[in-house]
Amino acid sequence: MLPCWCLGDPQSKPSPPTIAQPCPKAPPLHNSSSVACGGASVCQLELALPPWGHWVYVRVETPSRGPGRTIRFQLCVRLQECPQPSLSRALVPGAAMNMPQSLGNQPLPPEPPSLGAPAEGPGATSPPEHCWPVRPTLRNELDTFSVHFYIFFGPSVALPPERPAVFALRLLPVLDSGGVLSLELQLNVSSLHQENVTVFGCLTHEVPLSLGDAAVTCSKESLAGFLLTVSATSRVARLRIPFPQTGTWFLTLRSLCGVGPRFVRCRNATAEVRLRTFLSPCVDDCGPYGQCKLLRTHNYLYAACECKAGWRGWGCTDSADALTYGFQLLSTLLLCLSNLMFLPPVVLAIRSRYVLEAAVYTFTMFFSTFYHACDQPGIVVFCIMDYDVLQFCDFLGSLMSVWVTVIAMARLQPVVKQVLYLLGAMLLSMALQLDRHGLWNLLGPSLFALGILATAWTVRSVRRRHCYPPTWRRWLFYLCPGSLIAGSAVLLYAFVETRDNYFYIHSIWHMLIAGSVGFLLPPRAKTDRRVPSGARARGCGYQLCINEQEELGLVGPGGATVSSICAS
C-alpha cells in the first residue's frame, strides 16, 4: 500500500514543513516511526506489509503554527492487491478522505499527475512479486481450547519448486487466546528422489510473508515470524506458541535445494510434507510431572500447567530444579511407612477391649498409607482408587482417631459414648466437604472433644472431692507425655509444615499422633472385686467392696458395692 500526501499548492511556493506518521491497527503515538516531508509539495510513503483486514491510521502535523494560517493537503492511497496480478487501484480525491470542516472550505488542490490512475504500458507499476492464493483451513472444535485445523486434500502437502504454499489459520477472540497453538511439520523423505531439499516454513500473524528463492529467515522490515525447517537429516519440526494472539495466522511453506552453503530454487524436486496444526490447553498435557488446569482471572479463561517435583516450564519439562528419582522414592516411603506407627495403638486398643477405637485406627492407617502413595508429585505414584476418595478417607480417619481417643478418655456411659462417636463421624464428614485443608477442621473437633473430657473429669473430681485421675503415676507416665507429644504434632502441622519440607515433617506428624494415642488411651476397665464363692465367714453381715482400679483412676466410677455374707 502506498499512501501519498500532497501538501500545499503544487504550483505555488513550497509548503510549510510537515511530519507524517502511519500506524496500523491503532492511532500513532508520539514515539511512532514518522517521515519528515520538509517543504516538498509531494511526500510519499510506502507501507510494504500492511496487516490484512485492519485499518491503517495516518497522522499529519506541522510544527509551525500561526494565527490565520490554513494548511491544505490531499491524501491519496494506491493499493496493490491479490490475487489478480494486474490489479492496481487509485482512489479519487473526493473518495480518499472525508475532510472535516475545520480544515477549511477551500477546494483541494488538483491531484498530481504521478498519483493518478495507473498508467498503461510497459512503465506501469507491477503487482507484488509473490502473490499466491491462500489456502483456507477447516476448523474443528472438540473441547475448551481444543481445536484441530484441517487442510483440504491433506494432511500431506505437495510443494512444487516454483511457488510456495500459504495456509490461513483463524483464531477466535477469547475462545482461543488462552491455549497453546501447536504446529508440526514432517517431511516425507521418499518424495525427494535423492535431492538435497530443505523445506522452510514461516508462521506470521495477520500478514503472509513470502520467502524468496534464497531466503532462510522469517523476517522482513518490521515483521518477524516463527521459522521452521525440515530436511532429510531433521525430518520433524515442532512449534508451540502459548497464549497466541487472536486473528489470522499465515503459514508459508517453500522448498529450496541446497548448493553448498547456499539455497537456490529447485528444478524438478517436489517435496511432500505432513502438516498438523491444533490448539490445545497445555503443552503435551504437562507431561508426567504436571497437571493441566483451567484458570479464570476476572472474565478471562486460560489454561496453564501446575508443575510438581521441582519441574518448571510451559510443559513442565525444565529439570534444572527437579527432584531425583531416589529423592521421590525416599519421600514416598517415609510418608507411607510412618503410618505403621499405628500398629502399637491398634494392638493396645484390642487388648484393652476398645474394639471400635481399634477399627478407627486401622482405617486411618490403611487409607493414610495409600493416600500418600497416590499423592506424590513425581513418578513414584500408586493409586488403588480415585484420588479424591483416598484424600477424604485419610482426612476423616485422622480426625476420627483424635475424636474417639479423647472421648474414650472421658469414660462416659456406653450409650452416650456411642452417640458421640456417631455424631462426630457425621459432623466431621460435613466439615471435610466444606474445607478439607482448613486448620479449624483439626482444631475445632479436638477442642470440642477436650471440652467434653474436661467436663467429665471435673464432675468426677467434684463428686469424689479429689483430683481425677487421683494417682500421680497416671499423670506423670501417661497423660503428660501423651499431651506433650500431641501438642507438638499440632504445632508442627500448623506452623512448621511447608511444601518444601512436607515429606519429612508430615512423616513426623504421623509418628507423633500414633505415639500419643498409645499414651492417652485409658486401660481396660476391670470388674469390681467380690468375695470368692468358696470363702466362708462366721455369722451373717455385710462387706463394703471398693474397686481399687477406680480409685487409681484407671476405670470409670462404679460406686461402692455392698455384698451380703452369710455363713452357717
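Note that Cβ sites are derived from N, Cα and C of the backbone, with glycine treated the same way.
The feature region 'Disordered' is assigned by TrEMBL to 98-131.
For the domain 'EGF-like' (305-316), residue counts in helix, strand and coil come to 0 helix, 4 strand, 8 coil, using DSSP. According to TrEMBL, the feature domain 'EGF-like' maps to 305-316.
Per TrEMBL, transmembrane segment is recorded for 322-342 (among others). For the transmembrane segment (322-342), same-chain residues at least 6 beyond its ends with a Cβ under 8 Å from one of its own Cβ atoms are 289, 309-311, 361-362, 364-365, 368-370, 372-373, 375-380, 503-504, 506-508, 510-511, 514-515, 517.
The transmembrane segment annotation in TrEMBL covers 354-373 (among others). Sequence-distant neighbours of the transmembrane segment (354-373) (same chain, 6+ residues past either end, Cβ-Cβ under 8 Å): 332, 335-336, 339-340, 342-343, 345-346, 381-385, 390-391, 393-394, 397-398, 400-401, 404-405, 408, 421, 506, 510, 517, 521, 524.
Feature annotation from TrEMBL assigns transmembrane segment to 379-406 (among others). Long-range contacts of the transmembrane segment (379-406) within the same chain: residues 288-289, 325, 328-329, 332, 356-357, 360-361, 363-365, 367-368, 370-373, 421, 424-425, 428-429, 432, 436, 441-442, 445-446, 449-450, 452-453, 513, 517, 520-521, each at least 6 residues beyond the stretch ends and with a Cβ under 8 Å from a Cβ of the stretch.
Sequence-distant neighbours of the transmembrane segment (418-434) (same chain, 6+ residues past either end, Cβ-Cβ under 8 Å): 356, 392, 395-396, 399-400, 403-404, 407, 412, 441, 444-445, 449, 452. The transmembrane segment annotation in TrEMBL covers 418-434 (among others).
Within the same chain, residues 395, 398-399, 402-403, 406-407, 409-412, 420, 424, 427-428, 431-432, 468, 490, 493 sit at least 6 positions outside the transmembrane segment (440-459) and bring their C-beta atoms closer than 8 Å to a C-beta of that stretch. Look at TrEMBL and you will find 440-459 (among others) tagged as transmembrane segment.
If one looks beyond the transmembrane segment (475-496) by at least 6 residues along the same chain, the residues whose Cβ comes under 8 Å of a Cβ in the stretch are 439, 442-443, 446, 469, 505-506, 508-509, 512-513, 515-520. The annotation transmembrane segment is assigned in TrEMBL to 475-496 (among others).
Feature annotation from TrEMBL assigns transmembrane segment to 502-521 (among others).
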Long-range environment of the domain 'EGF-like' (305-316) - Cβ separation under 8 angstroms, sequence gap at least 6: 180, 240, 242, 282-284, 286-287, 289-293, 322-323, 328, 377-378
